[in-house]
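Enquirer: One structure is given below, represented as structure tokens, and several questions about it will come after.
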Amino acid sequence: MTKSSAILFILFFSLIFKLEELRAALVLVVLLIAGGLFMFTYKSTQFNVEGFALVLGASFIGGIRWTLTQMLLQKAELGLQNPIDTMFHLQPLMFLGLFPLFAVFEGLHLSTSEKIFRFQDTGLLLRVLGSLFLGGILAFGLGFSEFLLVSRTSSLTLSIAGIFKEVCTLLLAAHLLGDQISLVNWLGFALCLSGMSLHMALKALHSRGNGGPKPPKNLGSSPDLELLLRTSQQEDEESEEGYFMTQGQQ
């Protein structure tokens, strides 16, 4: 329930950094989704003060993170519209931030594990390394898709997509693990879907009003594109000159 507050923080910082315009429809979408998720997970766990503070702090910092990421991705002068460029600059800093936590909480256990560093079974080592490699590919794909979505839409849309994932997780938990869903939970589920549907409808109307997708403004500043255009223009001019010379000789 506390995690659902992330969309409120994202909206708050998007308004502060002027990434979104304050509209009644946008506020309604956020309230429907956040309130629906709150109702959908109501009484699903016991309250814990420390956990509440940690998750609330994570939601607050996540709101700042994704709004700043949107600013980086959508500023043409920075040249970070390509998600690969963004990951190239941000992932090393993310690694440096997580490595101390890894070293403290998992470093000793991993260094003494018989599955990797003190392995005795080569097949087990290859299976573990394969699992790590597959997890790394999936994580890379997830990060790439997140940055691509934010660069093309907004951090608010990314948050709504994440909430859709949470709703699917809760539904699978109820179906596979036997979690009980009350009438209040189902009403919250309906509110969540209503908010998501309204957001998609507003996006579709907004894109239709703008006449469809527009090309990025910074394409003309690409050196490769400028060279390609100059070469094409020169070839066109040469072909026209050759045509006129042929006509004159005839």
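The backbone N, Cα and C atoms fix where each Cβ goes, and this holds for glycine too.
Just so you know, TrEMBL annotations are computer predictions that nobody has curated.
Not measured: the values here are computed from a predicted model.
The following feature annotations were taken from TrEMBL:
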DOMAIN    3-198  domain 'Sugar phosphate transporter'
TRANSMEM  21-40  transmembrane segment
TRANSMEM  52-73  transmembrane segment
TRANSMEM  93-112  transmembrane segment
TRANSMEM  124-144  transmembrane segment
TRANSMEM  156-177  transmembrane segment
TRANSMEM  183-202  transmembrane segment
REGION    230-250  region 'Disordered'
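I would like each feature placed in context: is it buried or exposed, what are its neighbours, and how far apart are things?
Expert: In the predicted model, the domain 'Sugar phosphate transporter' (3-198) has a mean pLDDT of 84.
Within its own chain, the transmembrane segment (52-73) has Cβ neighbours under 8 Å at 2-3, 5-6, 8-10, 12-14, 16-17, 19, 80-81, 83, 86, 147, 150-151, 154-155, 158-159, counting only residues six or more beyond its boundaries.
Long-range contacts of the transmembrane segment (93-112) within its own chain (CB-CB distance under 8 A, at least 6 residues past either end) are made by residues 118.
Beyond the transmembrane segment (124-144), the same-chain residues lying 6 or more positions past its ends with a Cβ under 8 Å from any Cβ of the stretch are 83-84, 87, 91, 115-116.
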Enquirer: Against which stretches of its own chain does the transmembrane segment (21-40) lie, if we need a Cβ under 8 Å and a gap of at least six residues from its ends?
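Expert: Distant contacts of the transmembrane segment (21-40): 1, 4-5, 7-8, 11, 15, 156, 160, 163, 166-167, 170, 184-196, 198-199, 202.
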Enquirer: Mind checking which residues of the chain, 6+ beyond the ends of the transmembrane segment (183-202), have their Cβ under 8 Å from one of its Cβ atoms?
Expert: 25-26, 28-33, 35-42, 44, 157, 160, 163-164, 167, 171
